[in-house]
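Before any comments, here is the structure.
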Amino acid sequence: MASAAANNSSSAAYDAAETGGLLRRRNTTAAARGNAGEEEEEAEAVAPSVEQAFADKPVPSWREQLTVRAFVVGFLLSIMFNIIVMKLSLTTGVIPSLNVSASLLGFFLVRLWTAAIERVGFLKQPFTRQENTVIQTCVVSAYGVAFSGGFGSYLFGMSETIAKQATEANDPMNIKNPHLGWIIGFMFLVSFVGLFALVPMRKVMIVDYKLTYPSGTATAYLINGFHTPEGADLAKKQVRTLGKYFSISFLWAFFQWFYTAGDNCGFSSFPTFGLEAFKNRFYFDFSPTYVGVGMICPYIVNVSLLIGGIISWGIMWPLISKKKGSWYPETLPESSLLGLQAYKVFITIAVILGDGLYNFVKVFGYTIKGFIVMYKNKNSNTLPISDNGTPANATEEESFDDKRRNELFLKDQIPKTVAIGGYVVLAVITSGCLPLIIPQLKWYYILIAYIFAPIMAFCNAYGSGLTDWSLATTYGKLAIFVFGAWAGASHGGVLVGLAACGVMMNIVGTASDLMQDFKTGYMTLASPRSMFVSQVIGTAMGCVIAPCVFWLFYKSFNIGASDGAYPAPYTIMYRNMAILGVNGLSSLPKYCLTLCYIAFVAAFIINLIKDLVPERVAKYIPIPMAAAIPFYLGPYFAIDMFMGSVILYFWEWRNKDEAQSFGPAVASGLMCGDGLWALPQAVLSLVNVNPPLCMKFLSRAANAKVDTFLGN
């Protein structure tokens, strides 16, 4: 989200590897617009042309757009956003779009840079929207590696920590423990191939098909707005707001740390609704991060999360736990995947797969429909247009904006020999080198994946252009089942499936994200060459930064413990999907498979109903993917996010324009401050500096026992 996926896109809400992928894409358009609000509509109503407003400003060459300051700023922001995305991936997997924050902070830091240089008389090059787009692309592609790298899903799912939580395939053949060296190598091998997969198709997708790529378009409107006098003034106010809430969030996280000397200590374990509710994970944990995430995510996502938490932890799990001794053995520990934990994990997987299958069929259907329209009209000068595939006359007169954008977009060609040659060379290198890192992943598995990947990448990019949904994680899960079953359990099939997931997910997701970035560049007159180079440099940054950030978390915290601060929930789910593909379902407890079938079908049908009913009704129907996330984790973070929605709702009710302009800045500040505290917290942990206090809450009876014990 992700590769640059985390980046562009109504998923980029949220499975750090899964729901992050799909739901984030469902959310980003609204989030990426951020302060723009209804800017697209306003632009059409107020100004006849965006590009005429910039007509007196020369467009720098593609080399001039690639400045040192852009990549210095990009590097600094990449570190910050990698920390934030990594923390989100390893806690709940709910990752919102950070496009607004990246664009806003990139704009602010370079403006600060240019103002300082200008004062001493050394300013040689003004800050342009093209350079802003380069920064945006670099940052998003860098922190996208924290998502597509699978640190909260397939990659850490290979580890012994997660394998011990599963009941099968936990032998050495199916385990690969993380180490910084091989992780960086793995990232470099799998992250770049997708950049070359669809480069030859950029003219077809952007100019000929006129695909909208809503997230890319929204980001372009945002950047164009920053570089008008009015937009620059608003951006300064937004940055001040972001800085204010960043400071509040960071200081609050620092204050909380003093009270977390043991397990279940501190404000994050505050039994807001009572101790019984706390046992079922119903509480508000005072996390600024998830209040901020809730302010960015659409209302329906946050409501879906809360509904999912109530259905699972309020109804289903308490009822199933009463069947202990009947449906599963009484003696099993709570974390055993032969007991209650199996219902939590596999019913969640069933909902994710049901939702994913439906959206795969839906987006694939849109893609086929677009091709049919194009074929029918190939001799009548019409082309399918983005939103609904309806034909638009190709001979109708182009607007000034379209002429200007087409001219510059087609000016700096990326040679097809470079794109095709790059893909082939990288595919060969990866096929030869990946087995050195993961011997179970044979070279011919990788080669087969790379042969079919461009077709899947094209379908995904086309569907993403139509609907703003990237199904990269769905293609990744498909690879888990196909390659895991091919290899078999005795030949490391679980490890093969997880690694193949990474290969496929990176190619398909990165190709789609690059098209989103090309769309942003198209609308800001940034050269495709500068966009491509920025994406390559940003990805290279991410391949180093993301593993280093993960390693810091891995060495500092107990990652993967289901009851810890960093449970990495999707790691166990991805590993169990791989086990499912290799071994089947024979070991599941009683009625677990039946409930999984029901959950799978329910997710499919709810999505179908949501698309069939009128929009005024559909907007109130929960999203199954979002509802599934708290099935495993509990509803505590959903309560935080719902609070974010409540804050934003009342703000919009009081002053809608102000809320639309400053809501994303407040949310970004809350997320960035709390997220960035993880860095000094990790450093303190590494040097054995521990919190001095433990704040815990006990029932009256438990407190009396403690007093009696201490009194003796």
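Heads up, the Cβ atoms here are built off N, Cα and C, so glycines get one too.
Given the structure is predicted, the values throughout are model-derived calculations rather than measurements.
What Swiss-Prot records for 25-48 is region 'Disordered'.
Among the features that Swiss-Prot reports, transmembrane segment is placed at 70-90 (among others).
Swiss-Prot lists 93-113 (among others) with the feature transmembrane segment, giving sequence analysis as the kind of evidence.
Marked as transmembrane segment by Swiss-Prot: 138-158 (among others).
As annotated by Swiss-Prot, transmembrane segment applies to 242-262 (among others).
Feature annotation from Swiss-Prot assigns transmembrane segment to 300-320 (among others). Sequence-distant contacts of the transmembrane segment (300-320) (same chain, six or more residues past either end, CB-CB distance under 8 Å): 13-14, 23, 26-27, 94, 280-282, 294, 327, 340, 343-344, 347, 619-624, 626-631, 634-635, 637-639, 641-642, 644-645.
Within the same chain, residues 15, 18-19, 22, 312, 316, 337, 459-460, 463-464, 466-467, 469, 471, 473-474, 477, 572-573, 576-577, 580, 588, 592-593, 595-597, 599-604, 607-608, 611, 623-625, 627-629, 631-632 sit at least 6 positions outside the transmembrane segment (345-365) and bring their C-beta atoms closer than 8 Å to a C-beta of that stretch. The annotation transmembrane segment is assigned in Swiss-Prot to 345-365 (among others).
Look at Swiss-Prot and you will find 418-438 (among others) tagged as transmembrane segment, backed by sequence analysis.
Per Swiss-Prot, the feature transmembrane segment maps to 446-466 (among others). When Cβ-Cβ distances below 8 Å are used as the criterion, the transmembrane segment (446-466) is approached by residues 9, 25, 193-194, 197-198, 201, 205, 209, 211-213, 363-364, 366-367, 370, 386-387, 389, 423, 427, 430-431, 434-435, 472, 475, 479, 483, 500, 503-504, 507-509, 511-512, 515-516, 519 of the same chain, each at least six residues removed from its ends.
Marked as transmembrane segment by Swiss-Prot: 478-498 (among others).
What Swiss-Prot records for 532-552 (among others) is transmembrane segment.
Long-range neighbours of the transmembrane segment (593-613) within the same chain, counting only residues 6 or more positions beyond its ends whose Cβ lies under 8 Å from a Cβ of the stretch, are 343, 346-347, 349-355, 357-359, 362, 585, 621-625, 628. Per Swiss-Prot, transmembrane segment is recorded for 593-613 (among others), and the stated evidence type is sequence analysis.
Summarising the annotation, Swiss-Prot assigns transmembrane segment to 666-686 (among others).
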For the transmembrane segment (242-262), find every same-chain residue at least 6 residues outside the stretch whose CB is under 8 Å from a CB in it, and list them. 101, 104-105, 268, 286, 288-289, 292, 665-666, 668-674, 676-677, 680-681, 684, 690-696
Considering the transmembrane segment (70-90), which listed stretch of 138-158, 418-438, 478-498, 532-552, 666-686 counts the most C-beta pairs under 8 Å: 138-158
The transmembrane segment (478-498): which same-chain residues, six or more beyond its ends, come within Cβ distance under 8 Å? 150, 154-155, 157-158, 168-169, 173-176, 438-442, 445, 449, 504-505, 574-575, 577-583
Which sequence positions outside the transmembrane segment (418-438), separated from its termini by at least 6 residues, show Cβ-Cβ distances below 8 Å to it? 176, 182, 185-186, 189-190, 192-193, 195-197, 199-200, 444, 446-447, 450, 454, 495-496, 499, 503
So if I exclude everything within five residues of the ends of the transmembrane segment (532-552), which remaining residues of that chain have a CB under 8 angstroms from its CBs? That is, six or more out. 3-4, 62, 66, 70-71, 74-75, 78-79, 82-83, 86, 134-135, 137-146, 149, 151, 178, 180, 183-184, 187-188, 191-192, 195, 199, 414, 510, 514, 517, 679, 682, 686
